[in-house]
Amino acid sequence: MEAEENRDVAVSADDSRVRSAVDLHCVRGFYVRSKQSQNDDRRGAGGTPENRRRVPEAGHRHVPAYTCPTCPTTRRYKYWPSRTGCWTPTIPCCNWFRSVCTSTWSRYPSAIVPIRPFCPVVFNEDVYGPLQNDSLVIVIQVHTRIMYLRHTIVSLARARGIENALLIFSHDHYDEQINELIQMIDFCKTMQIFYPYSIQTHPDSFPGESPDDCPRDIPKSEAIKRKCINAMHPDQYGHYREAKFTQTKHHWWWKANRVFNELDVVNNYSGPILFLEDDHYVAEDFIYMLKLMEKSCSIVCPQCSILSLGTYLKTYNFYGEAKAEISQWISSKHNMGMAYNRTVWKQIVKCAGTFCKYDDYNWDWSLQGVSNNCLSHEFKVFVLKAPRVFHIGECGVHHKKSCFDMALIAKVQKLLSSVYKYLYPDKLEVTYAPIKKKVLRKGNGGWGDVRDHELCMRMVNHQW
């Protein structure tokens, strides 16, 4: 390991791309100096004029990318300045980055340095102005499905009022093509945040899968004999954790905590925050409808906690009626196009223990557990009968093969075209769904490992 690090240092010190780097970077939470500048500091020189180049001003979109000299594959890192002198996140790949990183953070056994996003940048703010309280914040959880994400972004671009919105893309996987796609957005303000405990950044250690973890289907007695790390903590069905499934719940929880509790740009924003995913397609009037729902809900259902723009229907015959329904929130029906405000989030956070220890790897089922078992009153939802958000992703975390169904997207586009005359209704007709008997759900398992519980709770306490 030591020899490997020395080799990296030597390469970095002699590499012209590093010597020509800007002297000081804030890269995804790390302060980074060029290696030459560090050597100058040790000699007391304070850096050469070449290494003390002026940081580009806020109007500059890009600083030249640098290629990691020791990676097996060529990867490039782009840096974007903000008005504060900080830089948007980029992911390091190997010890080369460690060799030029002056951070005091401990080194992980992973080949990828863990990330903490200190200073995400709001792009296009100079064009569209700062976030206002009557604007809309939209948070989109992104994994790796760029083909779906393209269509999601196209649908957002067509929406009326999108120029006043702030799009926050939350990633659990660093992908240069996805970043470039997002950075091409010019129709509204955008921001990117990065989940710091992803499988990508922790491929061989928790919360990724460690070689010492118990296999999913091994009996507990055999796991104890093997002395694997989580032998004492299978789920309620006797299975051990799978990182590819637990990551989605962790990411969703981290994302919500990050947005509501830590992002300065939304500190003074009290309106609803809309949560979407990278395979959601929105109707042109979705912002208009959300505002109309918010206004109607304040009159007819002030106790409603959640607004829902989407639901799963087999037929779409409701567009001519402009109806909304008040009902109990049910995770399997109302988990798409959810919007809620900071007041509701505070109620959820008070039940963090329930959410973080609920034995289900799905965030929505865990939220159902919070509603059923922790809150004084279960969540009520104000949901559109004619959806404005559609699920276009046929392949998700449960599918092993990669696939892309353009036919489904075309079907949604055709539907929205055929009902265009019914968009932008003047008012909503509100109906009430019958109250059903409370059903205590057992959960789907996959969340028995105490390490997952602890990581989840640390996100609430800002210890991640």
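Keep in mind that glycine also has a Cβ here, set from the backbone N, Cα and C atoms.
Worth saying up front: this structure is predicted, and the values here are computed from it rather than measured.
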Taking Asp126, Asp172, Asp217, Asp264 as the options, which does TrEMBL list with Gln141, Val142, His143, Thr144, Arg145, Gln247, Thr248, Lys249, His250, His251 at the substrate site?
Asp172
So Cys356 is in a disulfide according to TrEMBL. Which of these is its partner: Cys297, Cys301, Cys456?
Cys456
With reference to TrEMBL, specify which of the listed residues Cys351, Cys395 is paired with Cys374 by a disulfide.
Cys351
Selected from Cys188, Cys228: TrEMBL disulphide partner of Cys214:
Cys228
Of the recorded positions Cys214, Cys351, Cys356, His391, which one sits closest to Gln141 (substrate binding site) when you measure Cα to Cα?
His391
Over all pairs in Gln141, Val142, His143, Thr144, Arg145, Asp172, Gln247, Thr248, Lys249, His250, His251, the listed substrate binding residues, work out the largest Cα-Cα distance in Å.
19
May I ask you to report the DSSP-based helix, strand or coil state of Cys228 (disulfide bond)?
coil
Could you tally the C-beta atoms, other than its own, that fall within 10 angstroms of the C-beta of Cys351 (disulfide bond)?
18
Residue among recorded positions Asp279, Cys301, Cys374 with Cα closest to the Cα of His251 (substrate binding site):
Asp279
